[in-house]
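Record features, source TrEMBL:
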type     : residues  : note
TRANSMEM : A:66-84   : transmembrane segment
TRANSMEM : A:134-156 : transmembrane segment
TRANSMEM : A:177-199 : transmembrane segment
TRANSMEM : A:286-307 : transmembrane segment
TRANSMEM : A:314-334 : transmembrane segment
TRANSMEM : A:411-438 : transmembrane segment
TRANSMEM : A:459-482 : transmembrane segment
TRANSMEM : A:520-545 : transmembrane segment
TRANSMEM : A:566-588 : transmembrane segment
Amino acid sequence: MTANDFLQIGIFLVVLLLLIKPMGSYMAHVFADEPNRLTRIGAGFERLIYRICGIDAHEDMGWKHYAIAMLLFNVCGMVLVYAFQRLQGYLPLNPQHFPTLSPDLSINTAISFATNTNWQAYSGESTMSYLTQMAALAVQNFMSAATGIAVLIAVIRGFVRKTAKGIGNFWVDLTRTTLYVLMPVSFLLAMLLVSQGVIQNLKPYVDVPVVQTTTYANPVTDAAGNPVKDASGNPVTKPAQLTTETLPMGPAASQIAIKMLGTNGGGFFGANSAHPYENPTPFSNFLEMLAIFLIPGGLCLTFGEMVGDKRQGWAILATMLVIFIPLAIGVTAAEQAGNPILHTLSIDQHASGLQSGGNMEGKETRFGIAASSLFTAITTAASCGAVNNMHDSLTPLGGLVPMWLMQLGEVIFGGVGCGLYGMLAFAVVAVFIAGLMVGRTPEYLGKKIEAYEMKMASLAVLIPCALVVICTAIAVMTPAAVATVGNPGAHSFSEILYTVTSATNNNGSAFGGLSANIPFWNVMLSVCMFWARFTLAIAMLALAGSVAAKKHVPASAGTLPTHTPLFVTLLASVVVVVGALTFLPALALGPIAEYLMSAH
Amino acid sequence: MGRLIRNAVSMLLVMTVITGIAYPLVATGVAQVLFPHQANGSLIEKDGKPIGSELIGQNFDDPKYFWGRPSATTPQPYNGTASNGSNLGPANPSLHDQVQQRIDALRKADPGNTAPVPADLVTASGSGLDPEISPAAAQYQVARVARVRHLGVEQVQALVAKFTRGRQLGLLGEPRVNVLTLNLALDGMQHD
C-alpha cells in the first residue's frame, strides 16, 4: 500500500466524523416526540399531507399496527413500480421509446427497489424511460430509505418508553424522514454533483461524430434477432464502421443523490458510479462515499441522544469502525498489489507519481486504486451497492472483503435505519452472552432481555445467514443458474455466492459477469430480498413492542455497561464470529481457493 | 384494515408527486440555471454542433492519436448506450490473453518501445467510457505520436502537460490526462 492509499482513507474518515455529529443531532430533533422549532416550520405542510391521506397523526401505534402499515405501504410501492414498468411503452417521458419490460424482470426490479436492495438485472440507459426512473424507481429510493429509518426510530422508542403500548406512528415517521432528512440533503447533494458534471436534463440522447472512425466486429443476427453461430458455436461477426457515438442523457443527478444517501445503490446507468456521467470527478466520488455513510453513521448518534446517553451511540459507531477500517485497508492492499497472473507480461503495475498502478481491470483512471477500493468497502459495509469499479474483476482477496462485509448482515453502518436495527439485534445477543457468563438476567438500555427478546434478536441475526446458505446451495444445484456464470473455476462459485449474498442482505452490488436476467434468478432473488428485508424488520418491531411494555430497571453493580471499550470488543467479536462461522466454508470454496491457486 | 389500505395508497401517491415529480423537475430547473454546461453532458461544441463530451471517452487505435483505456462495451467499444466493464475474473485466462494482445498492438504501433506498459493502458475500464488515462500511459505514447505526426517530442510533451490534471483539491483521486480533448488539440495544432 502507498502513503496516498492511507491518506485517502484518513481524509474520508475525518470528514465523515465531522459531518455525522451535526447530522445525528439534527435527526434526533426531527424524531423528537415533543414539537420543536424544526418540526413547527413544516407543520402546516405535514398537516396537509395527513389530511389528504386521512391519517390521524396523534395515533400511537402498537408494534403490530406499525408493522402492518409498513408492510402494506411497501407492497403498494411494489405494485406501482411493477405497473410503471409494464406500461412503460405507453407512458410519456420516454424519448428513446424503450418498450415495456418482461413480467419477471419487472417483479424483480419492483421488489429490489422497495426493499432498498436495488439489485439490477437491467442496464438503465438501454431499458428504463425517464418517467420510470423518476416516478417509479427514485420514489422507492426515498420510500425504502424512509421505511428503514422509520422502523429504526420505532425500535429506539421501544427502548426509551416505559410500560408503553405504542411505539410511534409509521406515517408520521415516514413523512418526517422524507421531508426533513432525505429531500433537503438530496437536493443539496444533487446540485453539488451537477457542478462536477453529473447530468440533469430531460433531453433525448445526443449523437456525435467520432474523431477517429474505427472498425469493430459486429455480431450477425438472423431475422428473429437471435445471434448467428458458426459450426463450432462461436458467434458470427462481420466488420462494421464506427462513425458516431451516442451520449446518454436524463435526470441523473436527482436520482443519484438519493441513491447514495438512502443506501439504495441502483445506478441510473448500467456502469453505476463508474459511469463518468454518474460520478465524473474524484470530488464527486468523495461526496458519494460520504453520502453513503452520512445517515447510517449519523443515526448511531441519533440513537445515543434519543436513549439519553450519547455514549451508547458512540459505542455502536466505534464497533462499526473497528470492523470497517481493517477491512477497507485489506481491500486496498490486495488491489494495490496488482494481479499476479499479469506479472509475467510486460506490464507495469507499480504505483508511482504518474500512475496508481495495481489491478486496474474494471477501474476508472480518475479513481485509481485508493478511491476505488475505499468505495468498494464503503458500499458493501453499508448496504448501498452502488459501485465505482467492477467488483467481478477485483483480486481474489479484494473480492472477498466486500462479500464478507455483506455476509456480516449489513450491520457495519448497513442500510439507512436497517443497519442500526440489525446491529441492535447483535447488541442484544452480546448482552445475552455476557449475561450467560456471569449468570444474571441480561439488560440493555435499562430493559430486561428475556426469552421473547432473544428469540426475535436471534431471528434477525440468523434469517439472512440461513437464506444465503440455502439459496446458494439451490443455485449451484440448478443447471440454468450455473449456466449464467461469466468466469471459469473457483470464481464461478464466487459469482453465485456474491449474487445471493448481495440480494439477501439488500445490498444490490454484483459480480456482474453473471447474467442475472433469467426467470430463475429474477424469482429466487426476489424471494430472498423480500423475505430478508421484512422478516428482519418485523422481528425487530416485535422486540421493540415487547421492551416498550417493560419497566425500566435501574443499573446495578451487576449490570454490564454497554458504552465501554469492553462492550465494543464483545459486540464486534459477536458480529465477526457469527459471520466467520457461517460463511468461512463457503468463502474457502470461492475467493480463498482462487487466491491460493493464482498465488502459487 | 380498509382505512390502512386507503392511508397507504394515498400516502404513496402523495409521495410520488413530491419525490418523483416535483423533486426531479425542480432539480432539473435549478441545475439548468446554475450549471447548464455540466447538466447537459459537458459537451464539446464546434461551430455550434456537439462533437463529443469531455466526460465520455472515444475509441482511438490510429498511431497518430493518443489511445485511451481499452473498452469492454459491446458490440462496439465506447458504446454510450451500454456502459459496462469486462467483468473478467482476476484469474480468467481470457484476461491474460486480452492484456497480451493489447501489449502486442501497442508494440506494433511503436516497435522501438520496449518499456513495460502502464497498467491502465492495457486493462479495460469499469464503465467502458473512461475519458482519461494516467500520465504514465500518456508518457508511454508521446514519442510515437510525435514521430507519426512529425512533431517535436517537446511540443507533444507540452501539450500533454497542458491537458494533465493533478489530484483534485491537491488530495483526491489520481492525476490524469483527458484523451479526447488532447487528441482534438493535436489535430487543431496541425490544422493551424
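Glycine too: its Cβ is placed from the backbone N, Cα and C atoms.
Within the chain carrying the transmembrane segment (A:314-334), a Cβ under 8 angstroms from the stretch's Cβ atoms is held by residues 1, 5-6, 9, 13, 20, 297, 300-301, 303-304, 369-370, 373-374, 376-378, 381, 394-398, 401-402, 404-405, 408, 411-413, 420, 423-424, 427, 562-565, 567-568, 571-572, 575-576, all 6 or more beyond its ends.
Non-local neighbours of the transmembrane segment (A:520-545) in the same chain are 62-64, 66-67, 70-71, 74, 104-105, 107-108, 111-112, 115-117, 119, 121, 147-148, 151, 154-155, 157-159, 167, 418, 421-422, 424-425, 428, 452-453, 456-457, 459-460, 463-464, 467-468, 471, 474-475, 478, 480-481, 484, 499-500, 503-506; each lies 6+ residues outside the stretch with a CB under 8 Å from one of its CB atoms. Counting Cβ pairs under 8 Å to the transmembrane segment (A:411-438), the top-ranked stretch among A:66-84, A:134-156, A:177-199, A:459-482, A:566-588 is A:134-156. The list of residues near the transmembrane segment (A:177-199) in space but at least 6 beyond its ends in sequence, with Cβ under 8 angstroms from a Cβ of it, reads 26-27, 30, 38-39, 42, 45-46, 142-143, 145-146, 149-150, 249-250, 252-254, 256-258, 260-262, 276-281, 283-284, 287-288, 291, 294-295.
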